[in-house]
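Annotated in TrEMBL:
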DOMAIN    60-165  domain 'THUMP'
BINDING   Met183, Leu184, His208, Phe209, Arg265, Gly287, Gln296  ATP binding site
Amino acid sequence: MKYDHILIRFGEMSTKGKNRKRFVYRLKRNIEKKLRDFKKIEIEQTRDRLYIRLNGESHENIIEQLKHVFGIQSFSLAMRTENDLEKIKETALAAIKELPYEGKTFKVTAKRAYKQFPVGSNELNYEIGSYILRNTENLTVNVHEPDIDLRVEVRQGGTDITCKDIPGAGGLPVGTSGKAMLMLSGGIDSPVAGYLAMKRGLEIEAVHFFSPPFTSERAKQKVIDLVKKLTEYSGKIKLHIVPFTEIQQTIQKQVPDGYSLISTRRMMLRITDALRQKHNALAIVTGESLGQVASQTLESMATINDVTTTPILRPLVAMDKTEIIEIAKKIDTFDISVRPYEDCCTIFTPSAPKTRPKKEKAAHYESFVDFESFIHEAVNKTETLIIDQNYKNIEEFEELF
Ligand code: ATP
Ligand code: MG
């Protein structure tokens, strides 16, 4: 007998009453998408669990993929059997024998969730434990610190036997909280903000401001690679690349040096908001945190934010840089973010931006230019790429021709 199932626990969302059906449905679909390449598997749904029936697919790769699916609290390799004491004992023994068990200690933790089953939890522990002892050698019981904790759960539809919980990614299934636009630079912070937004169940579309020839194709590639990393958690992501050179040059000419950075941010936000409306999203996500740089004082945030009433989500607002870097390393975006290609802001950054900009002043300096039509044009000229795991990068394209 082999471990023929993976049991998936959802945790948090099982408490979400009315929404639960939708959550589970979405989680199931997200798992199906993630495991599309494993043709033989089947996914079964019960009231508060999902089961992947392996049908001969090897579990190692599937386990790696599942670690990237939000909404999974934990999962385990499992054997399933009918609610029949003899069958449960045999399956429990088989489950232990599938492990390198010689010389180890174990305990049985039985749980009778299905109360109609005639044997209680304590009795199950005893029956199964002694059956295992009788049929193995070199295995002893240790109830306090066992090497193997064999869990037996009798549920309405059958009994699950597992021996190890693998932590899932947590959070909520991507898509269950609606859609937001992620303002994605090539920096360290915004990819992390995107990851955290998705973890709370948001679907994201990314928006990147690009200022050729001041920013190179390499800088664009960097953003594509970052989005590609994020797709590991979500499947396809749309990346909107906004041509921003003209607007930046106009700001450079029209707005006094101390306010050019703030105006740049305000224009970015207005464009992102227009794209948000066009693509039916409800919020905007940024990688801002408080106090990091000149544009991230509370006064700056207020002045930037003044151009829209759309909710702006800032998942990193209270985090230290070291905490952000830790996540960036965990999700493998850090090495991409630190590649040296400049983004549009670094190039146009004034030497002494105001740290306490006033919104009236910003609006006044901007009032001499018809930015509305610039914004309209930028939105119309935005290029949209659909990025997934197989998206070819520029070098690969060059090799093709
Ligand atoms: P990051 O590490 O994400 O670049 P940062 O610490 O450099 O952030 P800022 O330069 O103040 O901070 O940018 C704040 C936020 O503005 C970014 O996190 C991102 O959400 C957005 N942003 C900045 N530049 C761009 C860009 N070129 N395209 C899209 N969004 C941008
Ligand atoms: Mg940056």
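FYI, residue positions are counted from 1 along the chain as it appears here.
Using N, Cα and C of the backbone, Cβ positions are placed for all residues, glycine too.
Distribution of TrEMBL features across the structure.
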residue: Met183; record: ATP binding site; DSSP class: strand
residue: His208; record: ATP binding site; DSSP class: strand
residue: Arg265; record: ATP binding site; DSSP class: helix
residue: Gly287; record: ATP binding site; DSSP class: coil
residue: Gln296; record: ATP binding site; DSSP class: helix
Fewest other C-beta atoms within 10 angstroms of its own C-beta: which of the binding-site residues Met183, His208, Phe209, Arg265, Gln296 fits that?
Gln296
Sorting the binding-site residues Met183, His208, Phe209, Arg265, Gly287 by sequence and keeping only those with a Cβ under 6 Å from ligand 1 gives Met183, His208, Phe209, Gly287
Give the residue counts of the domain 'THUMP' (60-165) per reduced DSSP state, in the order helix, strand, coil.
34 helix, 31 strand, 41 coil
Given the binding-site residues Leu184, Gly287, which one is most crowded in terms of C-beta atoms within 10 angstroms?
Leu184
Consider each pair of residues in Met183, Leu184, His208, Phe209, Arg265, Gly287, Gln296, all listed by the record as binding ATP, and report the largest Cα separation in Å as a whole number.
19
